[in-house]
Amino acid sequence: MFRLKTLPLLIFLHTQLANAFPVPEHLEEKNIKTAENYLRKFYNLPSNQFRSSRNATMVAEKLKEMQRFFSLAETGKLDAATMGIMEMPRCGVPDSGDFLLTPGSPKWTHTNLTYRIINHTPQLSRAEVKTAIEKAFHVWSVASPLTFTEILQGEADINIAFVSRDHGDNSPFDGPNGILAHAFQPGQGIGGDAHFDSEETWTQDSKNYNLFLVAAHEFGHSLGLSHSTDPGALMYPNYAYREPSTYSLPQDDINGIQTIYGPSDNPIQPTGPSTPKACDPHLRFDATTTLRGEIYFFKDKYFWRRHPQLRTVDLNFISLFWPFLPNGLQAAYEDFDRDLVFLFKGRQYWALSGYDLQQGYPRDISNYGFPRSVQAIDAAVSYNGKTYFFINNQCWRYDNQRRSMDPGYPKSIPSMFPGVNCRVDAVFLQDSFFLFFSGPQYFAFNFVSHRVTRVARSNLWLNCS
């Protein structure tokens, strides 16, 4: 029988934990416990290391392993970014080491697999559960030679059940908003089975946890896939909402399933979206903005967030932070006086206060005074009571106080910003500079000396050397 590894429960005094974890003294005991449990469940932290003189070193190494997996700064310390990842809802399968008690990399020896829905969640109708499960299997059948057939009785290859807490497989669930589900790799008995926490709120949309998305991830494990370090992959361990109606299996997952089972039987092989690479020399941003000291770089359905104090950069789905925003944002800027961030796509724009959407949005850019001939904004930045909008090779200037366009605009970009002789993809303000991004380059324009003082690669902002 195939089972997830589970480790004995560790019980320690607060002082012992504080010594074992290289963290600030003021860190709450709750955070230490969370980190301890996380490393045990997902990174195979053994209990006896806490009882030895090398415990602090072992914990630091496990923290670094976890930080490496999630592309965080490998500090070996329980910093804010690390704690943030640990608190995200996720899959219950470990990221490190085998989660089976059998050696090797099991796979199904037949391609016509069967599945059975043992029970249902009361939050969705039986038909809704059936549809979500079918769609989740379809994601994998399109990319591989595998087929999936539901059976209503008898022994299936993959059994699907909604269960809670301790449910007899040595991998108990933890209640709402923690571990969402888990699954077992191919094999007899429990092998291939997928369990969903019945205490979670399962939905068909962006609220709470979308059953289709979680099921598709878990079925990847049922077929033999492990977790991916690619934050855009379906097999990434943390939950992130993506629009189900337009969902396409990412290329990383296609590569993974075809490595195990070979290509699809279809004459035309499927291709999927790839996660943008920070150090791609051809990388160009869709939009950039600051937000209360942080810098955001948007690309397709993702954004990089740069922390000025930590000097770290992390990649996230737009939908993870703002499920109401579209992918492919085209412009953004921060209004420092109003403490708002405005984001644009096509003729629509949204306003955020921190991470919260303001009421009454989206609105049409005609509110700024743009004519119907303007169908999209390339970039925007606000400075000294004025907001500059960049559209093709022109710049429009908006008076934030009067809430109208300044007369005499638009003007050509080079006439206003000598040295910026290109279309502007994105821009933000830092110190006495406008940072203009065009293709894979950025131009640092000093608005005091009124000239470009530096031209360099855009991805230097993502810590690429």
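Backbone N, Cα and C define each Cβ position, glycine as well.
What Swiss-Prot records for C91, H217, H221, H227 is Zn(2+) 2 binding site. H217 (Zn(2+) 2 binding site) is surrounded by 27 other CB atoms, counting those within 10 A of its CB over all protein chains shown.
Among the features that Swiss-Prot reports, Ca(2+) 2 binding site is placed at D174, G175, N177, I179, D197, E200, with the record citing similarity to another entry. The secondary structure of I179 (Ca(2+) 2 binding site), as reduced to three states from DSSP, is extended strand. If you take the C-beta of I179 (Ca(2+) 2 binding site) and look for same-chain residues 6 or more apart in sequence within under 8 angstroms, you find K41, P89, R90, C91, G92, F173, D197.
As annotated by Swiss-Prot, Ca(2+) 3 binding site applies to D286, D378, D425. Counting only residues at least six positions away in the same chain, the Cβ atoms of Q330, A331, F390, I391, N392, R423, V424, D425 sit under 8 Å from the Cβ of D378 (Ca(2+) 3 binding site).
Positions annotated as N-linked glycosylation site by Swiss-Prot, on the basis of sequence analysis: N55 (among others). Reduced to three states, the DSSP call for N55 (N-linked glycosylation site) is helix.
Under DSSP, N112 (N-linked glycosylation site) is assigned to a strand (E or B) in the three-state scheme. The Cβ of N112 (N-linked glycosylation site) lies under 8 Å from the Cβ of L146, T147, T149, each on the same chain and at least six residues away in sequence. Positions annotated as N-linked glycosylation site by Swiss-Prot, on the basis of sequence analysis: N112 (among others).
When DSSP labels each residue, the repeat 'Hemopexin 2' (326-372) comes out as 4 helix, 21 strand, 22 coil, counted as helix, strand and coil in that order. Annotation comment: Swiss-Prot describes 326-372 as repeat 'Hemopexin 2'.
The annotation repeat 'Hemopexin 4' is assigned in Swiss-Prot to 421-464. Taken residue by residue, the repeat 'Hemopexin 4' (421-464) breaks down under DSSP into 5 helix, 24 strand, 15 coil.
Confidence over the motif 'Cysteine switch' (89-96), given as mean pLDDT on the 0 to 100 scale, stands at 93. The motif 'Cysteine switch' annotation in Swiss-Prot covers 89-96 and is backed by similarity to another entry.
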- Note on the structure: CA pair N177 (Ca(2+) 2 binding site) / H217 (Zn(2+) 2 binding site), Å rounded to integer, equals 17
- Query: Around the Ca(2+) 3 site recorded as D286, D378, D425, what other same-chain residues have a C-beta within 8 angstroms of the site's C-beta center?
  - Reply: R284, F285, A287, Q330, A331, A379, V424, A426, F437
- Residues from the same chain, set at least six apart from the ends of the repeat 'Hemopexin 4' (421-464), whose C-beta lies under 8 A from its own: 278-290, 295, 297-298, 304, 306, 311-313, 331-334, 378-383, 388, 390, 392-393, 413-414
- Note on the structure: Out of the binding-site residues D174, D197, E200, D286, D425, the residue with the smallest number of other Cβ atoms within 10 Å is D174
- Message: Measuring Cα to Cα, how many Å separate H227 (Zn(2+) 2 binding site) from D174 (Ca(2+) 2 binding site)?
- Response: 20
